[in-house]
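I have placed the structure first, in the form of structure tokens, so that the comments after it can refer back to it.
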Amino acid sequence: MAPPAAASFASQVVRGRWFMAYGSFLIMSAAGATYIFGIYSKDIKATLGYTQEQLNTVGFFKDVGANIGIHAGLVAEVTPPWVVLAVGAAMNLGGYLMLYLSVAGRVRPPPPLWLVCLYIAVGANSQAFANTGALVTCVKNFPESRGVMLGLLKGFVGLSGAIFTQLYLAFYGPGGGGDTKPLILLVGWLPAAVSVVFLGAIRIIRAPPRPPAVARREYRAFCAFLYVSLALAAFLLVAIVLQKRFRFTRAEYGVCAAVVFAMLLLPLGIVLREEAALFKRNNIGNAPAAAQADDALVTTTTKPPAPQESSPKPEPTKTVGARLVAALRPPARGEDYTIVQALVSVDMLLLFTATVFGVGGTLTAIDNMGQIGESLGYPQRSVATFVSLISIWNYLGRVAAGFASEALLARYRVPRPLLVAGVLLLTVPGHLLIAFGVPGSLYAASVLVGFCFGAAYPMILAIISELFGLKYYSTLYNVGNVASPVGSYILNVRVAGRMYDREAARQGAVAAAGNNNKGGLTCVGTRCYRESFLVVAAVTLGAAAVTLLLAWRTRAFYAGDIYARFKDGTATSANGGETAGVEPKKQQAPEVHDGRRGDDPMH
């Protein structure tokens, strides 16, 4: 390849949709630090002398920060994605660094509970900014493959817990019950660094409608990303099993971390392959894409202006009440709802309720896994294994739900809400295993809870984009995420935390002086979480019933072709929004293949 051609190809790669997707995968693989809270939560409880309810309050604010991102969505509506990512990186570094200094005893006197909650909420809130800046941008850039894209991106988030564990063991020495405070420091600087590296790559890239051959090639590229991520998940699972069985040295942990790092670089080969094929197509017949774009520009700008329509007759003045009713009246499902129309819709209410009690229950299990293992007598090394298992099966649930739900929808018109209901029902046995504390069953419970939590999330986010459109998806995506911390507060703080402390008090208020717990309450036995997880199982059944009602309400919508307006020749919606849910086509510069000349960094 000649030097000018090589430079042109390199420029195309770094400006392309595929490199943008790869950067988003890496950002997501570092954005799931909230899921390893169970590993270092015991150090927070021990060094700061918290009760279980106080620790669960810290966990609740972690969930609040990670999931309340409406402000991030509103910022994304008026700024390019790099601004959203930069703000998130700053929050991640600041919040977790202050949490580390507090837990490590570098801050004197120790901060009060409310300040620790603020630190972790700010740090975890960076995840909402990363999701909005990278994930929402990818969905807008690949609108017809949103289920697959959401599954892959959320899958990498699910793997991030296991990735962080391997890096922590390599950087800070063998674990197995040791000091986990350095893990908080790693969580603080690594995600911020990854986001900063890809600030320039993550942007809206509008592509023209795809012919069937291009759509098939795009799907094969997504499958290649899937295979790489499956290989990474398999390696992590094998590493976890071996690390539990054998005592690894620091050098051996370093080898595992190096393999993880190498496998995270493998998708770059897929990016180069796809961009090379695109570069070749754009230069066939000595007709570069730039020349084609210039011809299109001339054709567009020399078109005679459309005849002006006659001025409509002035409508009679409406009352304030009539105007309010008109503003709240929703369009057809699948069209672009306004934020207010989506918030007041029955569909959003049902989806929100199901997420509160369905996903909230799985978050309760994930956040308490450290204390659940401790109460049932598992060693600290096993607790780290549970968290890693949750991370890997969380990933498998996300990619399986993304690809399977997309295939079932395309081939058999199976409504996504129906699949969410099935996933929530599958979660119930995991909660019951925790409730009854069957010996050795916590491994199976970790797998079930991790898989179901992972499978539910991408489908819920895809449902929001399908029912309410993509125009305001940056905000509506984060509205859906608000449900998780609400459920976490109800089920984790008010139910699990209080019942744990009550049982610890009944056992004699076992203080931690002899357990290095500085006055915190320690509960031992199956009764610590029995009642609370019976409650979680019951409300999860209710959440599944609510989701079934949503599936019944939307059955006619999913029976049709919900992606019709994104296909060749039908890219414009009824209300004039284009494929990415933004301004109509006539207001843009003409598009060329993959949006190289027509991309706009603004929403």
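Backbone N, Cα and C define each Cβ position, glycine as well.
Just so it is clear, the model here is predicted, and its values are computed rather than measured.
According to TrEMBL, the features are:
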COMPBIAS  300-311  compositional bias 'Polar residues'
COMPBIAS  583-603  compositional bias 'Basic and acidic residues'
DOMAIN    17-271  domain 'Nodulin-like'
DOMAIN    343-559  domain 'NFD4 C-terminal'
REGION    300-319  region 'Disordered'
REGION    574-603  region 'Disordered'
TRANSMEM  20-40  transmembrane segment
TRANSMEM  82-101  transmembrane segment
TRANSMEM  113-136  transmembrane segment
TRANSMEM  148-171  transmembrane segment
TRANSMEM  183-202  transmembrane segment
TRANSMEM  222-241  transmembrane segment
TRANSMEM  253-272  transmembrane segment
TRANSMEM  339-366  transmembrane segment
TRANSMEM  378-396  transmembrane segment
TRANSMEM  417-436  transmembrane segment
TRANSMEM  442-464  transmembrane segment
TRANSMEM  533-552  transmembrane segment
Task: Interface-richest range of 20-40, 222-241, 442-464 toward the transmembrane segment (183-202), CB pairs under 8 Å - done: 20-40
Open item on the list: Can you tell me which recorded stretch out of 20-40, 82-101, 113-136 has the most Cβ pairs within less than 8 Å of the transmembrane segment (253-272)?
Closed with: 20-40
Open item on the list: Tell me whether the transmembrane segment (417-436) sits in contact with the transmembrane segment (113-136), defined here as at least 3 Cβ pairs under 8 Å among residues 6 or more apart in sequence.
Closed with: no
Open item on the list: Across the domain 'Nodulin-like' (17-271), what does the mean pLDDT come to, as a whole number?
Closed with: 88
